[in-house]
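Here's the structure we're looking at; comments come further down.
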Amino acid sequence: MTVISIPADSLFGIDNLPYGVFSTADEGRRVGVRVGDSVVDLAKALGDPEAAVFAQPTLNPFMAQGRDRWVAARAQITELVSGEIDEESVFAVDDVTMHLPITVADYVDFYASENHATNLGKLLRPGSAPLMPNWKHLPVGYHGRSSTVVVSGTDIVRPCGQRKAPTAAAPTFGPSVRLDIEAEMGFIVGVGSSMGSSITTDQFAEHCFGAVVLNDWSARDIQAWEYVPLGPNLGKSFATSISPWVVPLQALEAARIDTPVQDPTPLPYLRGEEKWGLDIDLEVEWNGDVVSRPPYGQMYWSPAQMLAHITVNGAAVSTGDLLGSGTVSGARKDQWGAFIELTWNGAEPVVVDGEPRMFIEDGDEISISATAPGSGGGRIGFGEVRARVLPAAGGTQPPGHARA
Ligand SMILES: O=C(O)/C=C/C(=O)CC(=O)CC(=O)O
Ligand SMILES: [Ca+2]
Ligand SMILES: [Mg+2]
């Protein structure tokens, strides 16, 4: 037997206990919980028949069991990791491989930051009002591609596609030259809803299992040409990265705050009694240099409003649905969550490792991390979503079409 020691300044203290899916050299994927710098194999450590749900390669079966079970399991795990534990079920975090924690069902990405939406409006639609007339009445979103959601550490291949400079006569095909990130939080649906029903904002905690850090990779040149009038498609569908540890909603109680004042008052279905603004601080690193610290607490629309909105028409949501918050951008420039904003569409370079930079170059490595207040008086961490960008794949170009 052993006792798990937690470093005093750990972001993975007993008030966090995020879930992930890991494997080791001699055993395949199963669910673990992170404590300090250790990963506990839950099925093995708990050993009871109910714990068989953790011997699965994805969190979905556990998430589908619902909130009473999430609360009970958290209490049981808290007790387990606070006492003596079989050392056979404890691994150093550096000795395990982390995998995509969930089987992603549907993926919807929102646009919930007023600062980001205003910046993008100015950059993409100069001369018109930055916010569209609907923006303060509903959380705007688009459907993303769930099959290309990948876990932190997965290399991202630069996408190819059509793009057309405003002054060019015709589009050309080739690797994106304006590859960007979007620093976001992702919210995971644990318990779905059936078609014909809807979820109120105050039912959020019954349905949302937890949160991850998310990078919505965006090819701005492909996006700017394709998006009218139906919204982003291939400019974003090539990859979305998420962090491996899912922080349960129960761990975020101390982070709950009001959203900024919503004026005009939203329609009744977007109102509620519960506070679902979240005081989460993000940090964006570009090749190891911190280039931005986006504050989630300034987001205009809450995740509870996003979930209420996508079900208000009777659409069903499912276990494993992923809701991207939209880029987190604060009021100040050093809080903007995308390089298109930080460089003002490639006009004002950001200094990375002493060099002026605009968009992502091959070989660049991007990491986004996040922390929040924990219930123990300190902070809890989400860990990071990190990835390296590889050159565009050869041969993706149709024969006879020159790259430009
Ligand atoms: O305003 C637009 O046309 C496009 C905006 C985005 O690219 C942002 C997006 O994906 C949503 C977000 O992350 O906030
Ligand atoms: Ca996005
Ligand atoms: Mg994406």
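Just so it is clear, glycine is given a Cβ too, placed from its N, Cα and C backbone atoms.
Over in TrEMBL, the protein carries these features:
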DOMAIN    16-101  domain 'Fumarylacetoacetase N-terminal'
DOMAIN    108-389  domain 'Fumarylacetoacetase-like C-terminal'
BINDING   Asp109, Glu182, Glu184, Asp216  Ca(2+) binding site
BINDING   Tyr111, Arg125, Gln223, Tyr227, Thr327  substrate binding site
ACT_SITE  His116  active site, proton acceptor
BINDING   Asp216, Lys236, Thr240  Mg(2+) binding site
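According to DSSP, the domain 'Fumarylacetoacetase N-terminal' (16-101) comprises 37 helix, 26 strand, 23 coil. By neighbour count, meaning other C-beta atoms within 10 Å, the densest spot among the binding-site residues Asp109, Glu184 is Glu184. Its own atom aside, the Cβ of Asp216 (Ca(2+) binding site) has 26 Cβ atoms within 10 angstroms in the protein chains shown. Looking at Asp109 (Ca(2+) binding site) and Gln223 (substrate binding site), their Cα atoms lie 15 Å from each other. Not a single one of the recorded positions among His116, Arg125, Gln223, Thr327 has a C-beta coming within less than 6 Å of an atom of ligand 3. Of the binding-site residues Gln223, Thr327, Thr327 has the largest number of other Cβ atoms within 10 Å of its own Cβ. The Cα of Tyr227 (substrate binding site) lies closest to that of Lys236, out of the recorded positions His116, Glu182, Glu184, Asp216, Lys236. Filtering Tyr227, Lys236, Thr240 by Cβ distance to ligand 2 (under 6 A) retains none of these binding-site residues. Between the binding-site residues Tyr111, Tyr227, the minimum number of other C-beta atoms within 10 Å of a residue's C-beta occurs at Tyr227. Spatial neighbours are here defined as Cα atoms within 10 angstroms of one another, and by that definition the neighbours of Thr240 (Mg(2+) binding site) among the binding-site residues Tyr111, Asp216, Gln223, Thr327 are Asp216. Summarising the environment of the residue listed as 'active site, proton acceptor', the number of other Cβ atoms within 10 Å of its Cβ, over all protein chains shown, is 28.
Remark: Glu182 (Ca(2+) binding site) has Asn215, Asp216, Trp217, Ser218, Gly326, Thr327, Gly337, Ala338 as non-local neighbours, by Cβ distance under 8 Å and separation of at least 6 in sequence.
For the recorded positions His116, Glu184, Lys236, a Cα to Cα distance of within 10 angstroms from Gln223 (substrate binding site) holds for Lys236. Those residues of the chain, other than Asp109, Glu182, Glu184, Asp216, with a C-beta within 8 angstroms of the mean position of the Ca(2+) site C-beta atoms are Ala183, Leu214, Asn215, Ser218, Lys236, Thr240, Gly324, Ser325, Gly326, Thr327. The Mg(2+) site is set by Asp216, Lys236, Thr240; from the centre of their CB atoms, other residues of the chain with a CB within 8 Å are Asp109, Gly144, Glu182, Leu214, Asn215, Trp217, Ser218, Pro232, Ser237, Ala239, Gly324.
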